[in-house]
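Below is one structure, written out as structure tokens, with a few remarks after it.
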């Protein structure tokens, strides 16, 4: 059928290729157009078969999957889901695959023929259908912008023993496609940038790795948030996986608190939870930003921020990998400024003054 998602499976194991092709091919809406045992064969098949989505193993002959992924995103951007036993959640390979452009990283089932694969295959099928809807032109733009930015001469803002009152707090929410999108934005902000809090939907172990990676590559200081952390100029706090993060204030001091209350919008941390707390405690002294992502998390919270007098920024459709969260915010009137990726950092700097 014309609406089927065309998939190419790349894996050096004939058993895995056969098992995935058989089971994924039986899922309504998915068509397996081919398989390949290494990146060189895959390259030729991609050009001929023009799949909508590629599944990719990491350990393969002649060229490893991560190297191929990097080249693929550079020359022929296409939605890629990494399926590998070498990239468990929070591992260096897991993070690297997402950084290079993979939309999802999923563990390979233990047994290609056992019952355990059935649940995993349904998860993969769901991710394939989502991946087919991503905006690859936006992903190409993200890679292009990031590639032109220099990391030379970076200097972290010095820590302050006493935290002064901050005029503006920047709260940001993102999901699918957000890790690289936010990296692009952060790389354009100075070492003395406004205090920021980020909620990025991702697994618990991964948030610390992501924070450490951003801290190494950005001008600002970046850390995974801990209970009671104070906010100050030049510091970005990232919500830890599986914890809601909320803004609080004590006199002149802004700080964060964490909890594990039930998920909101099916996620924890939730962007809505953060934004609503920012609306309550910072009011007009805040900037709210909704970036690329699936679903509607953040829309209601951003509207509350706007109603409290905060400046609000929503990433536009053309540069969003997935225009789900931004669209939801835009549709309910929470958007103060609909902005392209290459201008978001500038907008944050202007509105946070």
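In case you wondered, yes, glycine gets a Cβ from its N, Cα and C as well.
No curator has checked TrEMBL annotations; they are predicted automatically.
In the three-state DSSP scheme, residue 175 (active site) falls into the coil class. According to TrEMBL, the active site annotation covers 175 (among others).
According to TrEMBL, the feature active site maps to 201 (among others). The DSSP secondary structure for residue 201 (active site) is coil.
Residues or ranges marked as active site by TrEMBL: 297 (among others). For residue 297 (active site), other Cβ atoms within 10 Å of its Cβ number 30.
Taken from TrEMBL, the feature domain 'Response regulatory' covers 6-123.
According to TrEMBL, the feature domain 'CheB-type methylesterase' maps to 163-353. Mean model confidence of the domain 'CheB-type methylesterase' (163-353) amounts to 93 (pLDDT, 0 to 100 scale).
Annotation for residue 57 (4-aspartylphosphate): spatial neighbours 10, 11, 12, 13, 16, 65, 82, 83, 84, 108, criterion Cβ-Cβ under 8 Å with sequence separation of six or more. The feature 4-aspartylphosphate is assigned by TrEMBL to 57.
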Listed in sequence order, the residues of the same chain lying six or more positions from residue 175 (active site) whose CB sits under 8 Å from its CB are 200, 201, 267, 292, 293, 294, 295, 297, 322, 324, 325
Here the 10 Å Cβ neighbour count for residue 201 (active site) comes out at 25
Summed over the domain 'Response regulatory' (6-123), the DSSP helix, strand and coil counts are 51 helix, 25 strand, 42 coil
